[in-house]
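Below you'll find the structure, written out as structure tokens, and then a few comments.
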Amino acid sequence: LQNPDIAITDNVLHFRAQGHGAKGDNIYEFQIEFLEPVEPKPVCRVTQRQLNITVQKKESNWWERLTKQEKRPLFLAPDFDRWLDESDAEMELKEKEEEKINKMKIESRVPKDPFKHLKKGYLIMYNLVQFLGFSWIFVNMTVRLFILGKDSFYDTFHTIADMMYFCQTLALMEVLNSLIGLVRSPLIPAVIQVLGRNFILFVILGSLEEMQSKAVVFFVFYFWSIIELFRYPYYMLSCIGIEWKPLTWLRYTSWIPLYPLGGLAEAVCLIQSIPIFSETGKFSLGLPNPLNVTIPFSFLLQIYLIALFLGIFVNFRYLYKQRKQHLGPKKRKMK
């Protein structure tokens, strides 16, 4: 059909359209006056083989028939695949009521958490503080980059380290939150990310002055801060039941380029530190007699470098599943 004109006025459905039917190409029209009041705005969907018009009753009750006139129009026939008689409809309503009552009973059995509001307040404050901290890092580094250009790369650690120490130390709470069940995030991805970052920050950069003036520090800190600019406000809004779709999209999409780049920057940082640890012997592990063997810390770093990429792979899979869950196509519930 073409150019369908469909409207409901005074409880009467008016239909008119150009189409190909029993009379060939022609204008087809009809009117149906409903038995009881209906909503004045029908929902229409046109497909290649048919037109579906959905009309909503104003009151959800049983009708003896569809039309006001007792004799059904000749062109009107029931679709028995979707037909419900009165007993079926009553049974369906009864099942819905029973389901609602059972749900209320289950909810009433679950003990109310007296610390619910306290936990929510803590999570909101935690995410807010982290967001402000990483925002300060990002803005500071961006301004310095525009003013100083490449020269800002080499003193990033001395300018930003104190705030990064604070934020990454506070991030240990994420492991604790997951461990005690305060948040639903799985424990392993949180441990991999938080402890991995803190190892780079405190052990590699914090203990070696030679590493603190290298350009790679800028990229490590920059990628870390950008990721958190979307993650923490998303969690903060989730605590109060607010979802902002652009932020949700950024939260579950920005990690795709940023997470591998951050992991690459961490790997470069490790590779650059290995010769320094080999030369200085710092943190090397000496085994007592009878072994009397010294395990260079640089050797442990080479093993950790492999573990770093395995950790990136584990977290990448987890984040990809999260993205499919939040941004993938929604499954329709069967009625």
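Using the three backbone atoms N, Cα and C, a Cβ is placed for every residue, glycine included.
Predicted automatically and left uncurated, TrEMBL annotations should be read as such.
Worth saying up front: this structure is predicted, and the values here are computed from it rather than measured.
Look at TrEMBL and you will find 1-67 tagged as domain 'CS'.
According to TrEMBL, the feature transmembrane segment maps to 122-143 (among others).
According to TrEMBL, the transmembrane segment annotation covers 163-183 (among others).
For the transmembrane segment (190-208), the list of distant contacts is 157, 161, 164-165, 168-169, 171-172, 174-175, 178, 217, 220, 224, 266, 269-270, 273, 276-277, 282-283, 304, 308, 311, 314-315: same-chain residues at least six beyond its ends, Cβ to Cβ under 8 Å. As annotated by TrEMBL, transmembrane segment applies to 190-208 (among others).
The annotation transmembrane segment is assigned in TrEMBL to 214-234 (among others).
Residues of the same chain lying 6 or more positions beyond the ends of the transmembrane segment (255-277) and with a Cβ under 8 Å from any Cβ of it are 196-197, 200, 204-205, 208, 210-211, 214, 216-217, 219-220, 223-224, 226-227, 283-284, 296-298, 301-302, 304-305, 308-309, 312, 315-316, 319. Positions annotated as transmembrane segment by TrEMBL: 255-277 (among others).
Residues or ranges marked as transmembrane segment in TrEMBL: 297-320 (among others).
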Near the transmembrane segment (214-234) in space but 6 or more residues beyond its ends, with Cβ under 8 Å, are 127-128, 130-131, 134-135, 137-138, 141, 150, 152-154, 156-157, 160, 164, 167, 197, 200, 205, 247-248, 250-251, 254-255, 258-259, 261-262, 265-266, 268-269, 272
Long-range Cβ contacts under 8 Å made by the transmembrane segment (122-143), restricted to residues 6 or more beyond its ends, are 152, 156, 159-160, 163-164, 166-167, 170-171, 173, 177, 182-183, 218, 221-222, 224-226, 228-229, 232-233, 235-236, 239-240
